[in-house]
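Annotated features in TrEMBL:
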type     : residues : note
TRANSMEM : 38-56    : transmembrane segment
TRANSMEM : 63-79    : transmembrane segment
TRANSMEM : 115-135  : transmembrane segment
TRANSMEM : 155-188  : transmembrane segment
TRANSMEM : 208-232  : transmembrane segment
TRANSMEM : 252-276  : transmembrane segment
TRANSMEM : 297-321  : transmembrane segment
TRANSMEM : 377-394  : transmembrane segment
TRANSMEM : 414-433  : transmembrane segment
TRANSMEM : 454-473  : transmembrane segment
TRANSMEM : 503-522  : transmembrane segment
Amino acid sequence: MDENTSLLLPLHGGTQDSVHRSVSFRTQITSIFTLKNMFILLGPLLCAVICVCVKLEGPSPTISRNMLGVLAWVFAWWLTEAVPMPITSMSPLFLFPIFGIAAADDVASSYMDDVISLVLGSFILALAVEHYNIHKRLALNITLLFCGDPLQPKLLLLGICATTAFVSMWMHNVAAAVMMMPVATGILQRLPTGRGESSVVSKFCKAVVLGVTYSAAIGGMSTLTGTGVNLILVGMWKSYFPAADPISFNTWFFFGFPMAFLLFFALWGILCFLYCPRGCGDTLSAYLDKTHLKRELDLLGPMAFAEKMVLAVFSMLIVLWMTRSITDDIPGWGALFNDRVGDGTVSVMMATLLFIIPNKKQGEKLMDWNKCKKLPWNIVLLLGAGFAIADGVRTSGLADVLSKTLGFLGKAPYLAIAPSVCIISGMITEFTSNNATTTLLIPLLIQIAETIKVHPLLLMIPGAVGAQFAFLLPTGTPSNIVGFTTGHIEITDMLKTGVPLKIVGTIVLSVLMPTLGVLVFVNTMEY
């Protein structure tokens, strides 16, 4: 080896190391400045900008401003999914105490609400239904009844959505979605997924999941017991106007059912237009053939003892939900316990029975804890975050600040107020719970109604119904989360369907309130 060669070797090795370090440095920089990391920084950055630049008025402007900043932080992470949604849902547990919005114990208590108990009990029952293939039996029967011969996907979609809406009329929206989603996904399990999934199959899966999700919300609008928002509306009417006749079950039904009926068919039309193109029946018929469905239903055989008992427990739960609190004139069985029990109480109690009733197999019960390992704790955390945010918006004074922005409605004509109220209520409810939105808006709407000399219900009802138009985001309402966690839909699918449905709902409500609403409510009530 000559001298020149020996001198070059160290230089060559040093050049390699330098290049290697340069590539490694660029790789590190590239791995740090990713789009996902930018979205992670977006949350605290928005919060910082709001806390520094935004000035609010009210009894506690600093806390209100901090709450607004935390809202921006949490929703930035939720919308971009920069941080896993369940983890983002736990962020109020540290953000609220740090920003002085609420004490740690108060925030933590929001994560175990009666509605969360309702969801937990309902999901245990749903897991039992799934374990014993009851949802598969029900799915096969619904498919056979509505699929047509040859297969008509739009008719099948109508049957699934109509069943969900009917169930939701008599029980909580969340429970209806929880009950019907396994039935819907049981039908979809017959379709190929993964690499073999065609665009037609993917679209039909989206249509079915979105149909169940939104039908649960729409069906609940038609009866007083279908959703908590309607009960809040009735309670506030009685509280503010004790001399007036209370809103009875029948009175609401005469208005709510036609409204829900129109919304339901609008939903079905939107889903058919977006997700059921012409000729899709030819593709889907290979997997949903009527002869094959009958043969598969026969293979299930007669219902076993365990299936009958699970169905009996579920049926008993539905009856208890429906009869716990009926109307002011007809108190339900909850009056026996001074109304201390809630829907969650019943849900957990009936779920507990599944761990007590024997399975007719030696030493086995209908359910054991191993079967409950699939409990969707991500939904529980999302619900807890929603309740914590609702409490924070109220206690921080941010709710009062938001309410004052509606003062301009007092100078507008009624025909412009009803859709405005509906739109504003519908936007607020995407970020807070339906019940919180209703509780926030109705007192203000009563004041505005007195100012412009119109019947209070002509504003209260658009505010309450608009609060149920939570069609855009998974966090808008628990039933949205139930659909979102199936994995068949994304936020873009919800926006694509939810925006036109929200527009149609606003139009329907704006037309019905000064016509049918006047006939049903105003002409029969004096306050």
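Just so it is clear, glycine is given a Cβ too, placed from its N, Cα and C backbone atoms.
Note: TrEMBL annotation is automatic and uncurated.
Highlighted: of the candidate stretches 155-188, 297-321, 414-433, 454-473, 503-522, 155-188 has the greatest count of Cβ pairs under 8 Å to the transmembrane segment (115-135). Under the criterion of 3 or more C-beta pairs below 8 Å, with sequence separation of 6 or more, the transmembrane segment (377-394) and the transmembrane segment (503-522) do not qualify as touching, having fewer than 3 such pairs. Sequence-distant neighbours of the transmembrane segment (503-522) (same chain, 6+ residues past either end, Cβ-Cβ under 8 Å): 247, 251, 254-255, 258-259, 262-263, 266, 270, 414-415, 418-419, 422-423, 426, 455, 457-458, 461-462, 465-466, 469.
Sequence-distant contacts of the transmembrane segment (297-321), counting only residues of its own chain at least 6 positions beyond either end whose CB sits under 8 Å from a CB of the stretch, comprise 121, 125, 128-129, 132-134, 136-137, 140-141, 144, 170-172, 175, 179, 333, 343, 346-347, 350, 353-354, 357, 359-360, 366.
Residues of the same chain lying 6 or more positions beyond the ends of the transmembrane segment (454-473) and with a Cβ under 8 Å from any Cβ of it are 78-79, 214, 217, 220-221, 227, 229-230, 232-233, 236-237, 240-241, 255, 259, 414, 417-419, 421-426, 428-431, 434, 437-438, 441-442, 445-446, 448, 480, 491, 494-495, 497-499, 501-502, 505-506, 509-510, 513-514, 517-518, 521-522, 525, 527. Same-chain residues lying 6 or more positions outside the transmembrane segment (155-188) and placing a CB less than 8 Å from one of its CB atoms are 115, 118-119, 122-123, 126, 129-130, 135-136, 138-140, 142-143, 145-148, 204-205, 207-209, 211-213, 215-220, 222-223, 225-228, 260, 264, 267-268, 271-272, 276, 288, 314, 318, 321-322, 343, 347, 477-479, 482-483, 486, 488.
Outside the transmembrane segment (63-79), and at least 6 residues removed from its termini, the chain residues within Cβ reach (under 8 Å) are 39-40, 42-44, 46-48, 50-51, 54-56, 85, 88, 91-92, 95-96, 99-101, 385, 389, 392-393, 396-398, 400-401, 431, 473, 475, 491.
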